[in-house]
Amino acid sequence: MTATRVLVLNSGSSSVKYQLLDMRDSSRLAVGLVERIGEESSRLKHTPLNDGGASRERTESIADHAAALQAVAEELAKDGLGLDSPELAAIGHRVVHGGQSFTEPTVVNDAVLAEIERLIPVAPLHNPANLTGIRTARALRPDLPQVAVFDTAFHTTMPESAARYAIDVETADTHRIRRYGFHGTSHAYVSRATAELLGRSPEDVNVIVLHLGNGASASAVRGGECVDTSMGLTPLEGLVMGTRSGDMDPAVIFHLMRVGGMSTDEIDTLLNKKSGLIGLCGDNDMREIRRRIDEGDERAKLAFDIYIHRLKKYIGAYYAVLGRVDAIAFTAGVGENSAPVRKAAVAGLEQLGLAVDDELNAVRSDEPRLISPAGARVAVAVVPTDEELEIATQTYALVEA
Ligand code: ADP
């Protein structure tokens, strides 16, 4: 029997998200989530999709990632999808930071684990949890290939002119300070899917990808390769996000320390968790913000306007970086669902060949689709992202090779 299943694991500090896919047809066999790991009332939600079974929930104390994965394995086994099955080909892990070391998906061995560990200083929140996930999965199935798929990998093609900050080179190199970019798996998937939607090969197409979720980033992709992206050393740089400020004068930080008397941790929390849309208006869900705007709420309107202003600046900047743009692709929670954001982002850019057709923009669908008027110079598209499928595809391609 050929092994055609891939388990995709996305391990956070207190959660594990998973999907089991069959790579013969890229179908999902099961999806689920373990939350509040290490707390009294952890929760596991498991949905088998192979034979139309209903979702199951477990609420119990799940002490650590090992216990979480064990619980996931038990649930999968109930549906005949156990992790001991010979049909399982590999486990693909989302790893947030691969630094400059990892430009491609990589089969995990001890040296790879050591390198991911070495990168913890540049990804203190994410890499430790990702490592725990890999180590746990390895202990469970030591014989199985484990593949690390890095959020930063797609951006390693950025030229030095885009990847370097204009700071003292030695200081930057000592501390590995440069622009790495994140959401790479999504930018890779969406830029390819956009070329496909246009019926062209990725090598022939220049795309601006706008990944607008709770975290948000833009990228400029020339002929399938990333040439610039809006996130930097960490995911804090760039667009206005749900709870992150995005771009700002770095001197704001000195000011908050010197004049505001704030500590490093307090400022970190302020900029990462209490800024962006939530800091501006108290809500980070675009649906709620639109509802408030419809009721005449001025704060919500200002938050929306600041969000759109920044987005437009990046569209203009990446237009200039690429020189020729074939398509702009909106993706992730806001990009896929918010017609007002898409309309406002390209409003007034007709001179750049950009426009949205209101009727097409209003269509709700899970499929990639064009929303620009027929004959437009630049295609404007909505392209749902699928990071799990991309991780599974890259993982399977590597173990099949
Ligand atoms: P994450 O960054 O957490 O992966 P998602 O890509 O799932 O985020 O996006 C989540 C965000 O998408 C929500 O915070 C919300 O602002 C937005 N969103 C989800 N559904 C809609 C919708 N129907 N209309 C507008 N915005 C939406």
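Every residue gets a Cβ built from N, Cα and C, even glycine.
Annotations in TrEMBL come from automatic prediction, not curation.
Feature annotations, courtesy of TrEMBL:
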type	residues	note
BINDING	Asn10, Glu387	Mg(2+) binding site
BINDING	Lys17, His211, Leu212, Gly213, Asn214, Gly215, Asp285, Met286, Arg287, Gly333, Val334, Gly335, Glu336, Asn337	ATP binding site
BINDING	Arg94	substrate binding site
ACT_SITE	Asp151	active site, proton donor/acceptor
SITE	His183	site 'Transition state stabilizer'
SITE	Arg244	site 'Transition state stabilizer'
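Comparing Asn214 (ATP binding site) with Arg244 (site 'Transition state stabilizer'), their Cα atoms are 9 Å apart once rounded. A Cβ distance below 6 Å to any atom of ligand 1 is met by none of the recorded positions Asn10, Arg94, Asp151, His183, Leu212, Glu336. Non-local contacts of Leu212 (ATP binding site) by the CB criterion (under 8 A, 6+ apart in sequence, same chain) comprise Leu239, Leu311, Phe330, Thr331, Ala332, Gly333, Val334, Gly335, Ser338, Val341. Set side by side, the recorded positions Lys17, Arg94, His183 differ in how many other CB atoms lie within 10 angstroms of their CB, and the most is found at His183.
The record assigns Lys17, His211, Leu212, Gly213, Asn214, Gly215, Asp285, Met286, Arg287, Gly333, Val334, Gly335, Glu336, Asn337 to the ATP binding site, and the maximum Cα to Cα distance across that set is 24 Å. Listed binding-site residues: Asp285, Glu387; maximum Cβ neighbour count within 10 Å falls on Glu387. Here the recorded positions are Arg244, Arg287; the one with the fewest Cβ atoms within 10 Å of its Cβ is Arg287. Closest by Cα distance to the residue listed as 'substrate binding site', from the binding-site residues Asp285, Arg287, Glu336, is Glu336. Counting Cβ atoms from all protein chains shown, Asn10 (Mg(2+) binding site) has 22 others lying within 10 Å of its own Cβ. The highest number of surrounding Cβ atoms within 10 Å, among the recorded positions Asp151, Glu336, is found at Asp151. Using a 10 Å Cα-Cα cut-off around Lys17 (ATP binding site), the recorded positions Asn10, Asp151, His183, Arg244, Glu387 reduce to Asn10.
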